[in-house]
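Annotated in Swiss-Prot:
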DISULFID  32-50  disulfide bond
DISULFID  40-54  disulfide bond
DISULFID  49-60  disulfide bond
SIGNAL    1-22  signal peptide
């Protein structure tokens with residue numbers, strides 16, 4: 001029982017670390033350059049917003 005709980009916690013921690021690391025790497029590589037609330041009208045919406053998505057070409061909206 002304890003081993004199962006430890007394994008579940010380990011998987012959850014690895015998943016969270018993977019998400020955080022991928023976001024940090026994305027910013028370091030300059031794949032994203034717009035923060036939430038920034039206008040994305042003149043930018044390609046794919047990958048331009050660091051957090052969230054480009055909402056109808058108007059602004060970056062966090063998820």
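Note that Cβ sites are derived from N, Cα and C of the backbone, with glycine treated the same way.
Keep in mind that this is a model prediction, so the values were computed, not measured.
Other Cβ atoms within 10 Å of the Cβ of residue 60 (disulfide bond), summed over all protein chains shown, number 22. Cβ neighbour count within 10 Å across all protein chains ranks 49 highest among the disulfide-bonded residues 32, 40, 49, 50, 54.
In the three-state DSSP scheme, residue 32 (disulfide bond) is classed as coil. Ranking the disulfide-bonded residues 40, 49, 54, 60 by the distance of their Cα atoms from the Cα of residue 32 (disulfide bond) places 49 first. A 10 Å radius around the C-alpha of residue 40 (disulfide bond) takes in these disulfide-bonded residues out of 49, 50, 60, in sequence order: 49, 60. Residue 40 (disulfide bond) falls outside any helix or strand according to DSSP and counts as coil.
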